[in-house]
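Taking it in order: structure first as structure tokens, then the write-up.
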């Protein structure tokens, strides 16, 4: 079977809010009832019923503005996919913390950090603008 490509130099039907009147009608090949309805269209529109007017509209347009403006439910898929990947990442991180990484080194203990800070103060590290400049050596406390 041969696939026939569409000739884009010819007018095409497009449903867009910024282009409300397409160049051609939505339905190109009319059935017998649609042809009869198109003949009735030439008469007074007051003689047509509401269903006939809607059918005429559907021949010309695929969607109304209300249908075009209706929101899609795609956001639910996007949020669901994002939550899935966030949850999967959390599971990987928990697995890594339990099985891959060892315990924290002793240098992260509060006691160790306090001893290291005291050692830096005793060595008077960066006495002009740094840590030692904020320490009162006479009172043995932080300056206020």
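Keep in mind that glycine also has a Cβ here, set from the backbone N, Cα and C atoms.
Given the structure is predicted, the values throughout are model-derived calculations rather than measurements.
Summarising the annotation, Swiss-Prot assigns N6-acetyllysine to 4 (among others) and lists similarity to another entry as the type of evidence. Secondary structure from DSSP puts residue 4 (N6-acetyllysine) in coil. In sequence order, no residues are near residue 4 (N6-acetyllysine), counting only same-chain partners six or more apart with C-beta under 8 A.
Annotation source Swiss-Prot lists N6-succinyllysine at 4 (among others).
Listed in sequence order, the residues of the same chain lying 6 or more apart from residue 28 (N6-acetyllysine) and placing their CB within less than 8 Å of its CB: none are present. According to DSSP, residue 28 (N6-acetyllysine) sits in a coil region rather than a helix or strand. If you look up Swiss-Prot, you'll see 28 (among others) marked as N6-acetyllysine.
Annotated phosphoserine per Swiss-Prot: 31 (among others), in sequence order, evidence recorded as similarity to another entry. There are 10 other Cβ atoms within 10 Å of the Cβ belonging to residue 31 (phosphoserine).
The phosphoserine annotation in Swiss-Prot covers 33 (among others). For residue 33 (phosphoserine), no same-chain residue lying six or more positions away in sequence has a CB closer than 8 A to its CB.
Residue 35 (N6-acetyllysine) counts 9 other C-beta atoms within 10 Å of its own C-beta, drawing on all protein chains shown. Positions annotated as N6-acetyllysine by Swiss-Prot, on the basis of similarity to another entry: 35 (among others).
The N6-succinyllysine annotation in Swiss-Prot covers 35 (among others) and rests on similarity to another entry.
Sequence annotations record features per position, and here Swiss-Prot assigns N6-acetyllysine to 42 (among others). In this structure, residue 42 (N6-acetyllysine) belongs to neither helix nor strand by DSSP; it is coil. Within 10 Å of the Cβ of residue 42 (N6-acetyllysine) there are 7 other Cβ atoms, across all protein chains.
Under the heading topological domain 'Mitochondrial matrix', Swiss-Prot lists 1-73, citing similarity to another entry as support.
What Swiss-Prot lists as topological domain 'Mitochondrial intermembrane' is 100-144.
What Swiss-Prot lists as transmembrane segment is 74-99. Long-range contacts of the transmembrane segment (74-99) within its own chain (CB-CB distance under 8 A, at least 6 residues past either end) are absent; none are counted.
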Local confidence of the topological domain 'Mitochondrial matrix' (1-73) - pLDDT mean: 91
